[in-house]
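Copied over from TrEMBL:
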type	residues	note
DOMAIN	15-188	domain 'Glucose-6-phosphate dehydrogenase NAD-binding'
BINDING	51, 94, 95, 149	NADP(+) binding site
BINDING	179, 183, 217, 236, 341, 346	substrate binding site
DOMAIN	190-489	domain 'Glucose-6-phosphate dehydrogenase C-terminal'
ACT_SITE	241	active site, proton acceptor
Ligand SMILES: NC(=O)C1=CN([C@@H]2O[C@H](COP(=O)(O)OP(=O)(O)OC[C@H]3O[C@@H](n4cnc5c(N)ncnc54)[C@H](OP(=O)(O)O)[C@@H]3O)[C@@H](O)[C@H]2O)C=CC1
Ligand SMILES: O=C1O[C@H](COP(=O)(O)O)[C@@H](O)[C@H](O)[C@H]1O
């Protein structure tokens, strides 16, 4: 199937964890939109699986409620709602009880459609579910499995989980979700970098001085203490989403848009990523934890005051670090990354700072501003701005320079196009059988290797996170980390 083709093949979709937070907040909404936009084949059916005692009508009513609270009124109609809900059935299954899987086999008994399994459950259950499905005779060579992040909490645990999935599914049938790869603007990085000759020749250490990636969230841990406190921001956000963004920015051009060509290039970046070893723990990485503060004029509690908190926790809710990619393209170019919870605004942004002209002929006082920056805004207000220098207008300005953006705001540029949620794109690609937006096992493992080494460093030095007030941009030392190199985190847009 070609990447141009947006229709999906008909599938039987078995959704494990059908009454969980992710399913109710994201997955039905995404499936509903695909259906409404005519991107879901007529025959596609969805089976919700969870342990609560629902019948089909109660399940459909629950999904209807979820859709009514999350889909905009002008995107809802009784016709599209009824059509979508008509695809849904439900079975009560305990995923740890192999005998319960007969219900899935029975649902499939008259179907010749390929089976897609979506595991919206904790990763500890992935192995049991795959092997029980196999023993119950539910799988064949056309079956696919979609798994959520995080896959484990270390290299070793991720290998165990991947081994268990791999015992049943070939790699070409495994779709590991990193929802950042489904975001429209993240995919746009491929177009921006590899379709524009303007950037193709400039994308290297000769022309780029440094790169910043910021993924700031205003949310705290949203009642997920049990999960988050075991993970921390490094495992929750850096190991997956930030590493993927870094790969998309830094990888060499793939030979085609084919999944393995892209993934091979991403793996090369991860292999070349300089580890943060013990000598760099004090200078190149900052770990933080929020204390109480104010966001948008509203007081919010500190991490240790969150519901269910363990007051002794040293889990980080913020990480900033500096790294390098040790290859010909990027030698000597620092990459500064930061991500945190309870920051002043929700903002995911990549800033590429180009080197100044080698010979400068304008006002010496303006020399430091005489560079170009490419700002890629992933969310919110998706768009791209290229900061260029022009002459300041007016007869009295001489040849004074001014910086201004060439700005492409996706909402204004494509007013009739709705920017789809990441899960819509990802579910569509699963149904099309395209893996290029999903993460291959070796990508996960190289990323875990890098993360494990940093965690080992923190643990061996017994390093505690630094405090930062909710509503700030993180510990002061994260500002110092970049200013010690004579730079600052980019603030304007
Ligand atoms: N929620 C989110 O925003 C995100 C989630 N993820 C990942 O998605 C996955 C799902 O997360 P989330 O929806 O938040 O988790 P939830 O705990 O909210 O949902 C899990 C679902 O699985 C069901 N379940 C768990 N164990 C069993 C069992 N033994 N038998 C039958 N049903 C069972 C639960 O049923 P019951 O209600 O009865 O316990 C529930 O329906 C996880 O891997 C998570 O890491 C990834 C990114 C973001
Ligand atoms: O995977 C996760 O992502 C969210 C942030 O996603 P976004 O699309 O809202 O940027 C994060 O809040 C959560 O902790 C993490 O598990």
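Each residue, glycine too, has its Cβ placed from N, Cα and C.
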Sequence-ordered binding-site residues from 51, 236, 341 with Cβ under 6 Å of an atom of ligand 1: 51
Residues among the binding-site residues 51, 94, 217, 236 that border ligand 2 - Cβ under 6 angstroms, in sequence order: 217, 236
Rounded distance in angstrom between the Cα atoms of residue 51 (NADP(+) binding site) and residue 179 (substrate binding site): 26
Least surrounded among the binding-site residues, given as 94, 236, when other CB atoms within 10 Å are counted: 94
Residue 149 (NADP(+) binding site) versus residue 341 (substrate binding site) - Cα distance in angstrom: 18
Spatial separation of residue 94 (NADP(+) binding site) from residue 236 (substrate binding site) - C-alpha basis, Å: 27
For residue 51 (NADP(+) binding site), the number of other Cβ atoms found within 10 Å of its own Cβ: 15
Proximal residue to residue 241 (active site, proton acceptor) among binding-site residues 94, 95, 149, 179 (C-alpha distance): 179
Sparsest-packed of the listed recorded positions (179, 183, 241, 346) - C-beta count within 10 angstroms: 346
